[in-house]
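Pulled from TrEMBL, these are the features on record:
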- 449-470: transmembrane segment (TRANSMEM)
- 482-505: transmembrane segment (TRANSMEM)
- 511-528: transmembrane segment (TRANSMEM)
- 540-561: transmembrane segment (TRANSMEM)
- 573-591: transmembrane segment (TRANSMEM)
- 669-689: transmembrane segment (TRANSMEM)
- 704-723: transmembrane segment (TRANSMEM)
- 735-761: transmembrane segment (TRANSMEM)
- 858-880: transmembrane segment (TRANSMEM)
- 945-965: transmembrane segment (TRANSMEM)
- 1018-1038: transmembrane segment (TRANSMEM)
- 1050-1074: transmembrane segment (TRANSMEM)
Amino acid sequence: MQKVLVLLFLAWVCFLYYIGIVLFTSGFLLTRLELTNQSSCQEPPGPGSLPWGSQGKPGACWMASRFSRVVWLLIDALRFDFAQPQHSHVPGKPSAASLPFLGKLNSLQRILEMQPHHARLYRSQVDPPTTTMQRLKALTTGSLPTFIDAGSNFASHAIVEDNLIQQLASAGKRVVFMGDDTWKDLFPGAFSQAFFFSSFNVRDLHTVDNGILEHLYPTMDSGEWDVLIAHFLGVDHCGHKHGPSHPEMAKKLSQMDQVIQGVVEHLTNDTLLVVAGDHGMTINGDHGGDSELEVSAALFLYSPTAIFSSVPPEEPEVIPQVSLVPTLALLLGLPIPFGNIGEVIAELFSGGTDAHPHSSALAQASALHINAQQVSRFLHTYSAATQDLQVSELHRLQNLFAKASADYQQLLQSAQGAEVPLQTVIAELQQFLRGARALCLESWARFSLVRMAGGAVLLAAACFLCLLASQWTTRPGFPFSPLLLTSVACGLAGAILYAGLLAATGLKLDSVILGTAAAGGSLLPFLWKAWAGCGSKRSLATQLPIPGPVLLVLFLRLAAFFSDSFVVAEARATPFLLGSLILFLVAQLHWEGQLLPSKLLTTSRLSFSAPTGPPRHGGTYALRLGVGLLLCTRLAGLFHRCPEETPACHSSPWLSPLASMVGGRAKNLWYGVCVGALVALLIVVRLWLRRYGNLKSPEPPVLFVRWGLPLMALGTSAYWALASGAEEAPPHLQALVAGASVLLPRAVMGLAASGLLLLLWRPVTVLVKAGPGASRTRTILTPFSGPPTSQADLDYVVPQIYRHMQEEFRGRLERTQSQGPLTVAAYQLGSVYSAALVTALVLLAFPLLLLHVERISLVFLLLFLQSFLLLHLLAAGIPISTTGPFTVPWQAVSAWALLATQTFYSTGHQPVFPAIHWHAAFVGFPEGHGSSTWLPALLVGANTFASHLLFAVGCPLLLLWPFLCESQGPRKRRKPLAMEAETRGRFEEEEEEPLMEMRLRDAPHHFNAALLQLGLKYLFVLGVQILACALAASILRRHLMVWKVFAPKFIFEAIGFAVSSVGLLLGIALVMRVDGAVSSWFRKLVLAQQT
């Protein structure tokens, strides 16, 4: 089997998985239809004349305007309890002294107490996802973004739906904006004047806010505006950087309090002040999900003139966030945006303290009726365009609106009647509006069951392919090449057939369906081959030989994906499953009597004896490995982040950056621990490379390991020092610190990239020593003359050359007087593959560690220790065969995948959007990335899926490590005494130095087949996980927690699979690159020997 065939076959399997994921996603995470219809004053939302109170008013549209100006202060992440008034302390509740964010917006409380008819504070109920772009969309359109729109939070596009900003511009209003530059992409060219500031640098607490304050008051005093919008970001960034309970949050909220107080002093009587938060934040300062703290935002309204007929209630009213859109539209005399589903805040239309109760109620009913007409028109238009809404519920709402509208019209035509019928009309209109919003909420979670089923079938077929093909690799002469070529040809035929059908029918090309046609067509030859194999007499257990305990662990893990409680608790369940598998491995070694080292089960092709010799280790070897592995797993579990659904859980304090620590001594101590972990990691890797002789070569990669890795460690340590104390630096050093914060991370990443390029260029790190004379040892026998002319010739002669060089080197060491001149001696060939992989992993680990907080260096150290211990434990039970086939057992692959998942949680991640470490986007780029979105996405993705990448690239070590551990076999001993001297002497003469990984070259066909089998097994374990997540999301699509638990879990598993599959291909490609370089090196050696 050729090397290229292995990569192509694995790439084809990955393609099948990718298409299955994309097809399922297109049916599960659909976006709703966005209507481009526009509301206008010339087209009332329903039949009838202008509403009561607007006749004859100048500039009247659907309703006469009540304010000519609006100042909208949008404080990002202004959680409701940040603004909630703090009265006398209640025992049992937290005080302002214990929580820094409480009681800092005193101006709101003072206004509510002194002018109760002028102001109101509401608890704004936010619809998830609680990301800024989606909240801005809801705050201007009055609609609901769907779940998948969360992915657009950092790649915003212009809003095409009708919205408040567009209505203001159409009415000739002068809209001035200052703050978050997200608005520039959402509403291009809509502002008469704008001051945009970059919003993506969450570590910057002051630039945006200070920029707003520079322009806010001069703009208000100029009077050249009708609507002024100021979007402050400091509170949100402070939450991301420090969390809400940090003293910096108190400072930032106090600054916002001064801003509100200053704006109030500049207001005129015809101006409305709106202070709103777009979303809340968790106890860690994150947002994006739907926890109570995230969906609870503050909304404060104030006018210098009285606008409320009653005093505020003791507990602020809870209103949907989208209710602000129709309210502002009617208060400013604008049409309500066409797609709004919010309900007006009726008490704002009461007319103030001087209004008659009947007139006040009638004004509220008029506003609600206009709102209901607009929503009814939208439902009618939307249902005609998509047929998505539930028909029965839609008919019920239409009947309810018809009755409420008839009652309202009858009330207008009657004389001044009683107030009770008017309140009934108001209740009917509110019932309709709330029912319409509930209908849309439920209906827009729509699914395409056909696409979801097709995606699940493709994923299941890909898993089945991996399972069967992993067994076919051990069959001699299995036609993988014809199967792959036939599958590719059928896939292309399927894609061409689909494209031809579309061209004939004139339908639009769907790239997802095109890929599905190609994937389905390519599966046909495999399914035919599998069907033909079913007729054989081989049992199912023989064809699918997964051990029972491993199958049980996989089943428990996959079954847990169907329970929201287990998905939430996966961070605790994964170490348990990993520990159970470790205990099983130790017990299996004991039961099978394999607590001893790996043995050579067969003889080599050249019939050299391979005695097993005495055991390498005592009977407690595997037990000590298992105990050490369990201890490392337990230590890694100390670094955990609690899900939002477990309030009793307390996240590890070690996941926060050192910059958030207050005490200087504690910060310095932790900095020393982090640097110590970094140095320990470097020392462990160098000691391992030195143990196997991989630090003796003068090759460029070895020189880089000697000098480049310490430089990378030094740069990382220096960056940590700057990042943890940047705010404490003297003013005259601020510029130097800022420049170093940019240079150091980029230098470390550049060094890592250079090291990887050197490794790819010269992957064989071999030290060769040549002597002046001819060889004195046995002649290399070849079935050909001259240099090797084929790969088969080279594969035949390579193991002989390696043994030849070993004997030469051994003779040089054992004899004080040489019996003949020495021709050549080579070091490091026995670990040439694993040395390249370990070096590549270390080079990848440094930039990935740089994207995490400092104390995660301890987790990375544990990661490498766990990996080494697990590899040694697995190698203790894997026998070595010199002629093949080589296999990696299922329990090894399953344990490796579980270890990757456990490391994902130990690095402070959770499969939810609020837990994403956004700070990684600014490592080396503290000023942001401008208009670029791919680079920050790449950095954040590398931070999130670092464990997936490292373990996938290192997966070939599962195959290589048992051969590497052969070096721990019997060594040369002193000559024995007495009767055993002669026998032992003969044994020493025949004894060979261990060949280690060079045994893989004895059977190159089996080597390539083993790499293919390993890749297929790893893809199967990952594939069944994504399949289980897809099935859980589809089966539980109407579950209460689908968008909070199951959908994010599926998305994270899908992205993790993509990262892992790419990493696996890169790891196997690196092994093949080393193998090709070894072949070239031996080819040159053979030519030199025969000249």
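Residue positions begin at 1 at the first shown residue.
Every residue gets a Cβ built from N, Cα and C, even glycine.
Listed as Cβ neighbours of the transmembrane segment (735-761) (distance under 8 Å, sequence separation of 6 or more from its ends, same chain) are residues 700-701, 704-705, 708-709, 711-712, 715-716, 718-719, 722-723, 726, 729, 836, 839-840, 843-844, 846-847, 850, 923-927, 1070, 1073.
Segment contact is absent for the transmembrane segment (573-591) and the transmembrane segment (449-470), given fewer than three CB pairs below 8 angstroms at sequence separation of 6 or more. Within the same chain, residues 10, 13-14, 17, 21, 24, 28, 445, 447, 449, 452-453, 455-456, 459-460, 462-463, 466-467, 470, 554, 557-559, 561-562, 564, 893-894, 896-897, 952, 955, 1046-1047, 1049-1050, 1053-1054, 1056-1057, 1060-1061, 1064 sit at least 6 positions outside the transmembrane segment (1018-1038) and bring their C-beta atoms closer than 8 Å to a C-beta of that stretch.
Against the transmembrane segment (449-470), stretch 511-528 has more CB pairs under 8 A than any other of 482-505, 511-528, 704-723, 945-965, 1050-1074. Nonlocal intrachain contacts for the transmembrane segment (858-880), taken as residues 6+ away from its ends with a CB within less than 8 angstroms of a stretch CB, comprise 582, 585-586, 588-589, 592, 594-601, 617, 621-622, 625-626, 628-629, 632-633, 635-636, 639, 654, 673-674, 677-678, 680-681, 684-685, 688, 841, 845, 848-849, 888-889, 891-892, 895-896, 899, 903, 906-907, 947, 950-951, 954, 957-958, 961-966, 999. The list of residues near the transmembrane segment (1050-1074) in space but at least 6 beyond its ends in sequence, with Cβ under 8 angstroms from a Cβ of it, reads 3, 6-7, 10-11, 14, 17-18, 21, 25, 28-29, 759-760, 763-764, 832-833, 836-837, 840, 900, 904, 911, 941, 944-945, 948-956, 960, 1011, 1014-1015, 1018-1019, 1022-1023, 1025-1026, 1029-1030, 1032-1033. Within the same chain, residues 597-598, 692, 830-831, 833-834, 837-838, 840-841, 844-845, 848, 851-852, 863, 867, 871-872, 874-876, 878-880, 886, 888, 892-893, 896-897, 899-901, 903-904, 907, 995-997, 999-1000, 1010-1011, 1014-1015, 1018, 1055-1056, 1059-1064, 1066-1068, 1070-1071 sit at least 6 positions outside the transmembrane segment (945-965) and bring their C-beta atoms closer than 8 Å to a C-beta of that stretch.
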